[in-house]
Amino acid sequence: MEITDQEWKREQERVDDVTTKIGRRIRGLEAQVGEMRGDVVGLRKEFWDEVTMNFAEPDDLGETSTSMRQQSQVLAEREFGHKRAFSQLGKLRRLQHSPYFGRIDFREADESVTEPIYLGIASLLDDNEQDFLIYDWRAPISSLYYDGSPGAISYRTPGGSVEGEMELKRQYVIRDAKIRVMFDTGMTIGDELLQEVLSQSADDRMKSIVSTIQREQNAIIRNEQSRLLVVQGAAGSGKTSAALQRVAYLLYRYRDTLSADQLVLFSPNSLFNSYVSTVLPELGEENMLQTTFQAYLERRIGREFELEDAFDQLEYLLRGDVSEDGEYEARLAGIRYKSSLDYLEVIRAYREYLSEREMMFRPIRFQGHEIVSAEDMRRRFYEFDPTVKIPSRIEQMSKWLIKEVSEYGKSQRDEEWVDDQIQLLDSSALHRAYNLMRRKQKGAADTFDDFDQQREAAARMIVNDWLKPVRKWIKRQRFVDVKGMYRRLYKDESLFMKLSGGRPLPAMWHEVSRQTQDRIAKSELMFEDATPLLLLRELLQGFITNTAIRHVIVDEVQDYTPFQLEFLKRLFPRARMTALGDLNQAIYGHDSALDDYDPLLNLYGREESMVLRLTRSYRSTREITEFTKAMLPEGEDILAFTRSGEKPVLHRFAEDSVTGMEEAIAADIEELRKQGLDYTAIICKTQSECNELHQRLKDRLNTRLITKNTPAFEKGTVIVPAYLAKGIEFDAVLLHNASAERYSRESERKLFYTACTRAMHVLHLYAAGDVSPFVTGVDSELYEVH
Ligand SMILES: Nc1ncnc2c1ncn2[C@@H]1O[C@H](COP(=O)(O)OP(=O)(O)OP(=O)(O)O)[C@@H](O)[C@H]1O
């Protein structure tokens, strides 16, 4: 139904009224915040003046500390007040120009009054502190807006279900406090508005979607039942968007018990982390913790190994340098096996095995002397009752070893090397040594001239200092030779066979085992060995868990191996998990990653898990989605959003016409810029292809080369390897060299699909020589050839 002019006027008057009130509050709060800031600064400056300092007598120390505590409390309260007022101010400022985006008129059953509910990014009470001028989009009643249509309806609140009738559903676009668009809608949040939002240009930051959340996305956002929520969604279907709004929802819903630092997002890479980092602040929430699995591995594995990262592994695989010696195939076989649940079982069986025999230790050595031999340590380890858990035995052993080292230290004090070191001490160091000894021995004779006393003090200090690294090494349990034990797995075939308990060994076992041993001998760790080695270490030395985290969000979960998922579950024992993925975008196309969600659903058990699906793709135009989905064997399930654009274009070149291809790319980018599409990506298969192209284009075109070390995307034209463009989108994608030579292995299909689905408005493919079968396999009606 058309909205009458009178109605339009009434709505604008309401916007005026609300924004005037907001303006008034902002001014009031600004003055308050200014005052509070002054208070805090003053308090900080005068902190020490206000504290009663008295260190003269022991009794006065108590008084001093009470006074300090009181003063810090006052400061903390003011700081908290200031922070809260400041965040309230931010919220009001966000509301001022666009106070709300939706309205529903709802009449509760058995009530005669219909209440208009206006929805915005935060709630706002009227001056009477009773009536809501704006409801937060996350309030229970707001779910009606996303889920329902006019007619009989109900919504859930923590106290139960509320029945009633929705009499109106209206959408607005309000900018600078003026209603720009307004219409009444039926079932879904109107396509018109979505059309408008989606046809805008790409950004180097992700945007919030609160005003146009779709019903199936709302189910993800508000899901509270499942321990594990798995979202399988087509490319561009809003998985990441829904996940971020979900975080905002959880922070609101559990605002009294949950804080942003209890949620952690695992992203595919750090570029992506920066891409999504503005969504929550835009919604007035603090950002959750963000990390990558790689960062976690690096922190945990430390300096013991040179750790390969996932991108270098992928780069190696994608370059596909297949040589005669079978190196490449063996590596592939190794990756496949080492990511499997079969291998997880081998590692677990190894722990059981080690519990009874053949633990490996590193001897404790000092200056070439063996303080405790590996054999003695092993004997000691197996003297414990076998029911004592391995980590507890190791803990006990640390204590024993520290004692052994102390004893050894005592025996060294009269040695010649210690005398030599004493000669090198200056008088101040001697004094320090002596004072140290006096403090320790409390009643030692006060005769510093006494030569023996002096020497003893110095000897103690020297031996202690020299043994410090040994003690530290023991405390870190470095005497457990995890590296040796992991290596032995590959050295001792019969052991491996035994542990695998009849399950299949990796294909190309001999090559895999040689590769693994060689790398470990050089203290290099292939990416596929990192998680298994860490698991072995934790099984032996005890798990380091993080119990503070209550929600883990894993984006691009299809690229995780079952092994890694098991690890995440163990790492966050008290957390719920939201896992978002698209099995069609598995860039680790060597099937070590998930090919179905079974391993994921088995993590917490099916009863505690739920899978929700998103099938409509919002990112790309209909033409691009129709083209990309045709590349997939089961692509027909994917639905395109009704937004039209040009068909994708394939530019063909002769095999040797590299320059022709580059010139065409450069010219197209110029053209796109003229059309106002200035956030474009030239996507290549690998980093090395990107590097070369960047070199060749740099005099002709202003482009930015993206590598795994680039901290953030910026607007403009970028050259990026497909695997780093994951999760991101661009106005236009220009796919460099969609030739059969680059993309023809079945394992590369999903990577190719991922690259093409990054395009919002325009997709161009350039191929030198034969075209990739992934393109020629698509109905030729769906793209143009130039
Ligand atoms: N309900 C919505 N309203 C407005 N925009 C939406 C909505 N859902 C998704 N979008 C837009 O669609 C695009 C794709 O969303 P998003 O990146 O969250 O999808 P995804 O499923 O994570 O994609 P991919 O798996 O391909 O990385 C984004 O620009 C997002 O803003």
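Using the three backbone atoms N, Cα and C, a Cβ is placed for every residue, glycine included.
Going by TrEMBL, these are the annotated features:
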type: DOMAIN; residues: 212-621; note: domain 'UvrD-like helicase ATP-binding'
type: BINDING; residues: G233, A234, A235, G236, S237, G238, K239, T240; note: ATP binding site
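Mapped onto this structure are the features recorded in TrEMBL.
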| residue | record | Cβ neighbours (10 Å) |
| --- | --- | --- |
| G233 | ATP binding site | 26 |
| A234 | ATP binding site | 27 |
| A235 | ATP binding site | 23 |
| G236 | ATP binding site | 27 |
| S237 | ATP binding site | 26 |
| G238 | ATP binding site | 25 |
| K239 | ATP binding site | 26 |
| T240 | ATP binding site | 24 |
Per DSSP (three-state), G233 (ATP binding site) is strand
Cβ within 8 Å of the ATP site's Cβ centroid: which residues qualify beyond G233, A234, A235, G236, S237, G238, K239, T240?
S241, D582, L614, S617, Y618, R619
